[in-house]
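Trainee: Annotated compositional bias 'Basic and acidic residues' per TrEMBL: 115-125, 145-156, 164-175, in sequence order. According to TrEMBL, the feature compositional bias 'Basic residues' maps to 126-144. The feature region 'Disordered' is assigned by TrEMBL to 1-30, 39-58, 115-191.
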Amino acid sequence: MAAQTHKNNKPGKSGGKEAQPLILPKTPAEEQRLKLERLMRNPDKVAPIPERPKEWAPRAPPEFVRDVMGSSAGAGSGEFHVYRHLRRREYQRQDFLDKMAEKQGKDVDYLEKLEQNQLEAEERTAKRRKKREKMKMKKLLAKKAKTEGKEKKDGDNDSDSSGEEERKEESGKEEEKEDDAETPSFIMGRK
């Protein structure tokens with residue numbers, strides 16, 4: 001009967017679990033890998049996801065104080081410690097309120113800065129769009145002028161004078177638009 005082993009005895013380990021060799025991780029990556037392997041051994045098991053810790057908030061000041069401290073000569077030796085504790089808690093509460101106000105101020109500043117950056121980006125985009133449109137119009141006018149030049153050379157010289165006047169008026173208007181356009185600047189580092 002010595003060959004039989006009980007469930008609690010270590011030598012046989014006839015329980016359901018297999019013996020796993022002890023592996024000590026040497027790097028954080030190896031530690032993470034071991035954790036993932038342990039989780040993937042049983043994929044049906046729910047993985048423990050810790051909740052985010054709640055932010056500490058001081059206890060609200062009491063609405064009605066029953067035992068108000070006085071400056072009477074009969075105060076006991078324990079009253080000083082009670083007073084010190086109340087004072088410390090009040091200072092903690094005030095510090096917390098100051099930090100919260102500072103955090104809210106920073107959040108407001110951040111949102112204002114985001115909005116300002118977005119407006120500046122939209123202005124730059126509009127300016128560049130306008131510049132691209134001007135360049136496109138300039139190319140189109142140059143192409144038109146080139147084709148008209150070819151037509152004049154190829155076509156009859158006895159064309160309608162009214163057609164020429166209309167072309168001159170159109171080209172005059174387009175040239176006025178070109179005059180308004182700024183010359184493109186290619187300065188490095190310009191914002």
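The count begins at 1 with the first shown residue.
Including glycine, each Cβ sits where the backbone N, Cα and C put it.
Keep in mind that what you see is a predicted model, and the values were worked out from it rather than measured.
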Trainee: Could you tell me what the rest of the chain brings near the region 'Disordered' (39-58), counting residues at least six beyond its ends with Cβ under 8 Å?
Mentor: 89, 92-93, 96
Trainee: Taking helix as H, G and I and strand as E and B in DSSP, count the residues of the compositional bias 'Basic residues' (126-144) in helix, strand and coil.
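Mentor: Going through the compositional bias 'Basic residues' (126-144) residue by residue, I get 19 helix, 0 strand, 0 coil.
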